[in-house]
Structure formats: C-alpha cells, structure tokens
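Taken from TrEMBL as is:
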{"type": "TRANSMEM", "residues": "49-65", "note": "transmembrane segment"}
{"type": "TRANSMEM", "residues": "74-91", "note": "transmembrane segment"}
{"type": "TRANSMEM", "residues": "103-122", "note": "transmembrane segment"}
{"type": "TRANSMEM", "residues": "131-151", "note": "transmembrane segment"}
{"type": "TRANSMEM", "residues": "163-179", "note": "transmembrane segment"}
{"type": "TRANSMEM", "residues": "191-211", "note": "transmembrane segment"}
{"type": "TRANSMEM", "residues": "226-248", "note": "transmembrane segment"}
{"type": "TRANSMEM", "residues": "255-275", "note": "transmembrane segment"}
{"type": "TRANSMEM", "residues": "281-300", "note": "transmembrane segment"}
{"type": "REGION", "residues": "302-339", "note": "region 'Disordered'"}
{"type": "COMPBIAS", "residues": "308-320", "note": "compositional bias 'Basic and acidic residues'"}
{"type": "COMPBIAS", "residues": "323-339", "note": "compositional bias 'Polar residues'"}
Amino acid sequence: MMIFKHFWTKRTLVGLGLGQFLSLLITSTGFSSSELAKIGINAPTSQSFLNYVLLAVVYGGVMLYRRQALKANWYYYVVLGLVDVEANYLVVKAYQYTPITSVMLLDCWSIPSVMLLTYIFLKTKYRFRKVAGVIVCVAGLVMVVFSDVHAGDRSGGSNPRKGDLLVIAGATLYAISNVSEEFLVKNADRVELMSFLGLFGAIISAIQISIVERNELKSIHWTSGAAFPFFGFSLAMFLFYSFVPVLLKMTGSTMLNLSLLTSDMWAVVIRIFAYHEKVDWMYFLAFFAVMVGLIIYSGGDKDDDQSRDEVAERSKHFDEEAGSNNINRASMAGSSKMGNDLTTSFGGREIIENKGIGKHVQGEKS
C-alpha cells in the first residue's frame, strides 16, 4: 500500500491525465490531416499558420492587458518559432517519402534527444526509474511497428532514405523546441511564451507559405468538407499548444514526449469504433506497455521536487539578463552575491563592506 501511495501522487495523476488529453488532441490533428489529404489538400504550413495566429491574438491580448515587462529577450522566441515551424513541416513532409511505420519508429528519436538536452542544459537528473519508464514506453511503440508489419500494413514509400532523414531532423527539432519551451515556461512566463511563439511562428509560416505553398492554396476549392477539418486542425493545435506549457512545468519535456506516444494507440481506438476497422491484437498490448511505462516514469514525483526547486532558483539569473533594471533594488537587499558583499543599514544600522570573495557578512545593529 505504501508503494502505491508513493506512486499515485496528485502530480502523477494530473500529469497522466493531462498527457493523455494532449495525446488525444494530437490524434485529432492526425485524422484532420488525413481527411484533408483524401480530398487533395496538402498544405501543412498553412494549417499550422492559423494555430500561430490564434496564439498571437489570444495570448498577445492577455499580455497587452497585463502590461508587464518581458522576462526573456525577444530573439529567443524568434529562434523558437523558427524551430517549431520547421519541425512540424519536416515530419509532415516525411509521410510523402517513407511508410508510416518508419515515421512512428524514428519519431521516438525525440525522446533520447530530449533527455540528453535536458541533462546538458537544464541539469535534469534521471534516476533508474525514469530510464526504465522510457525503455518500457519505447518498447510499447516498437510493438506497434511490428504489428503493422505483421498485418501487412507496411508500404514501400517513394524515397525511404529521404523520408527517414526528414523524420530524424524533425524529431530533433521537436526535442529542441520542447526543451526550450520547458526552460522558458519555468524561467519566464507561460502567456509571454505563447504570445511570442504565436507571433513569430505566424510570421515565419506566412513567409514559408508564400514561397512553398502559394500555388497549393490557390488550387483549393473551399467547401464544408475542406473547411471543417482545416479549421478543426487549427483549433486542436491551439488547445495543444495552450496546455503543453502546463505539462512541461509540471513534469518536464520527457514526460510530454512519452505521453504523446499513445496518440497512435488512440488512433487505433478511433479506427475501431468510428470506422469499424479491425486491428492487430499487438496494438492493445502496446497500449498497455506504454501506459505502464508512463506510470513508472511519472510515479513518485515527490522525489524530484528538490531538483525542480533548483531549476526555479536558477530563473533569477535569467530574469536579471532580460531586464534587471526593472527590478526594485529594495527586494534585492537581502540576496548574497559573489565578489563584493554590501550590507547597507538604514536608520541606525552600520554600513559594512566586505571585499572578500564568497564571504557573507551579517550587519550588526548599532
């Protein structure tokens, strides 16, 4: 009983539930894209463009209402917007060259990439339990690939090598985007992150559309069958982007990528009940394996609270870089600094200067 109490914390339950909600949103975007592809619409950047516009309008309006100073330099968001737009484009583009099973398997590259990046840049430490959870999740997804091969659902693809390289590049960019968002949401502000990601994502997407997809948009005949999945995709992506920072701040980018592995399994459920299709039994075993891996990874998050507190403590340095001139100096009077430590006393307190490096001198009342 004590073991279950240790695993089933409030953070674990909320993280698992929110992760599966995001996974369902990704599943809905996949089905929206497939419906658009059936009627001959192939404009992935245009679909994402509406999502970025919604983010910029909604969260940008909230940010203007707050009238708060930026907590991060604007050029961070330019780079993040570019990485995010190109990650979406590359992975969707890969489906034209390589079979879906290869995309599913190679997309897992984002998980070890995220773990490596968070270890290097965010100083995240992964215990054996975390690594074991990742292994179980990836093993579950590999079962899905073997299920497709077993069922004869694998097609050759026009250029598998090119497609595989696109997936690997896109998955790497996804990892960079997720880790960057995790850093910004923990050290800056969620509303600021979403508003600037939407703004610069929309600008970059508009430029790319004018170059790559201009002719495609002109050839689209807008009917209800085309408009509904097109705008439905944008709405699902808007909700996905809105809740991703919440999960990133709560459990980190690795948990996000692991949760999204179940999107393929939720697609199977929709195929069974909505389209009445038959699927291989290994899908259900894979779904169970991924869920067990998620529980192992996210269980007992109380052990990681201390490391999250350390990440929050480092946010002070990021805030100082973005705009330390806007911070009230009185609130900084009690903080200790390396180098010259100065303790100023007002109304009867002595001023004591210590020029020693790394020493803390406490003022005595006169």
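Placed from the backbone N, Cα and C atoms, the Cβ positions cover glycine too.
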Open item on the list: Need a quick answer: max count of Cβ pairs under 8 Å to the transmembrane segment (49-65), which of 74-91, 103-122, 191-211, 226-248, 281-300 is it?
Closed with: 191-211
- [ ] State the residues, same chain only, that lie 6 or more residues beyond the ends of the transmembrane segment (103-122) and have a CB under 8 A from a CB inside it; answer 'none' if no residue qualifies.
- [x] 91, 94-95, 134, 137-138, 141-142, 144-145, 163-164, 167-168, 170-172, 174-176, 178-179, 182-183, 252-254, 257-258, 261, 264, 311
TODO: May I ask for the residues of the chain that lie six or more residues beyond the transmembrane segment (281-300) and have a Cβ under 8 Å from a Cβ within it?
DONE: 6-9, 11-12, 15-16, 19, 129-130, 132-141, 143-144, 146-147, 150, 251, 254-255, 258-259, 261-262, 265, 268
Task: Long-range environment of the transmembrane segment (74-91) - Cβ separation under 8 angstroms, sequence gap at least 6 - done: 44-45, 48, 52, 103, 107, 166-167, 169-171, 173-174, 176-177, 180-181, 184, 193, 196-197, 199-201, 203-205, 208
